[in-house]
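A quick write-up on the structure given underneath.
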Amino acid sequence: MFRGKVRHIHFIGIGGSGMNGIAQVLLNQGFTVTGSDLKESQTVINLKNMGAKIYIGHDPKNVDGADVVVYSSAVKQDNPELLRAKQLGIPTIPRGEMLAELMRFKYGIAIAGSHGKTTTTSMVGTILGKTGYDPTVVIGGKLEAYGSNAKLGSGDFIVTEADESDGSFLKLTPTIVSINNIDLEHIGFYKNLNDIKRAFIDFANKVPFYGAVAVNIDDQNIKDIIPEIEKKIIRFGISEDSDIRGYDLRLENGRYRFKVNDFGEIYLSIPGKHNVYNALAAISISVELGVPFCVIKEALENFKNANRRFEIKYDGSVTVIDDYAHHPTEIKATLSATREMFDGRRIIAVFQPHRYSRTFSLYDHFVRSFNIPDITVITEIFPAGESPIDSVNGEKLSSDIKKETGKTVLYGEDLQKTFNILKNILKKDDVLLILGAGNVTRLSDQISQFLKNKEGALR
């Protein structure tokens, strides 16, 4: 990895989920890390406590003295810090390129796919941690075992998410990769689904001749690209042509018990059939690395997922679950897992749409994603820096979901109004699911505190 001339690294948007993990690893390696973000957050506070100097707001002078400037895909090219760095001749690189630097002299394991990257990366990191390999792990959410979303290990392995959203995963140099699924997403960057498939083909073929590509054989879009993958392929899934096969799936107390090849049985610690596939991806990689099944089994049966991945925030008279799901496929999978785990209880889902472009391009899919909840509350769209699109908004989406489902669907507008709605409709034994990638997570904390104060008073 680079040394010598590069000592001071500045991050624009350092509080982002893809950025702060890299910053943590570099801090732990002794680099001087500075950064900027639009607002203070717990992530920013944690980085400050680790020794990073962080500015709130973007100002050209923030980059002074930096040897390299790292920016996220959310940073626009007219950002004043980015412009200043270019004016001064300071190298500016996307986060994917810095992540590639961390991987360059390690045995890289990269988890790719439209959904499930954080969970699968966390699973692989947990399994390898049980072996004594002591991997470096960089994920998109805070993992309880690490107390953060990154861990600097002393071993030869680095396990990381491979983010396809801006094509930056093509900068990585992994030895083993997993492709969990391919879905229509990030239409602002990719032209169409075929364009997305092409990117995953190119990503898979970056693996060296001695590496391997684990693929979900049950995903049709992945099946379509397999003939163009030129490297060793490990097929995982529940179909009979899988190399690593999960079978005899049984639902017990809302979680899945299943067998794997002739290795043995696993009772997964987290709910949802989609997590069976995430586990099979992690198992495929671990078996390829020679990890004994008994170690894999112990790790997955005691696995604690990253924050906002079906995170139970409160479990009293009402159960409150906070989840990052923001794509129709993720929403349906999370709602299905909720129904399996809490069968017979009333489910109330709150969804904050994320980005106008995503809501517009996947609108009909969103409309058809809320058949499971008894009550759905839709907030206004979280813009994530985008300009509004006239034809889509939260109120219209809520109305169209109501027409599609024939169930109670309410428009919450902002978080405060949504909170007021929830205070009036929540009853004892309800399950409240908070969904979205924006700031809706604040609502899970707010309503959890309200319920603690009201414990015993709900009817």
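Just so you know, glycine gets a Cβ as well, placed from its N, Cα and C.
Residues annotated as ATP binding site in Swiss-Prot: GLY113, SER114, HIS115, GLY116, LYS117, THR118, THR119.
Listed in sequence order, the residues ILE111, THR120, GLU161, ASN180, ASN181, ASN278 complete the 8 Å Cβ shell around the ATP site centroid, once GLY113, SER114, HIS115, GLY116, LYS117, THR118, THR119 themselves are left out. Neighbour list (THR119 (ATP binding site), Cβ cut-off 8 Å, at least 6 residues apart, same chain): ILE270, ASN275, ASN278, ASN305, ALA306, ARG309. With every protein chain in view, the residue among the binding-site residues HIS115, LYS117 whose Cβ has the most Cβ partners within 10 Å turns out to be LYS117. Around THR118 (ATP binding site), the same-chain residues six or more apart in sequence whose CB sits under 8 Å from its CB are ILE139, GLY140, GLY141, GLU161, ALA306, ARG309, TYR324, listed in sequence order.
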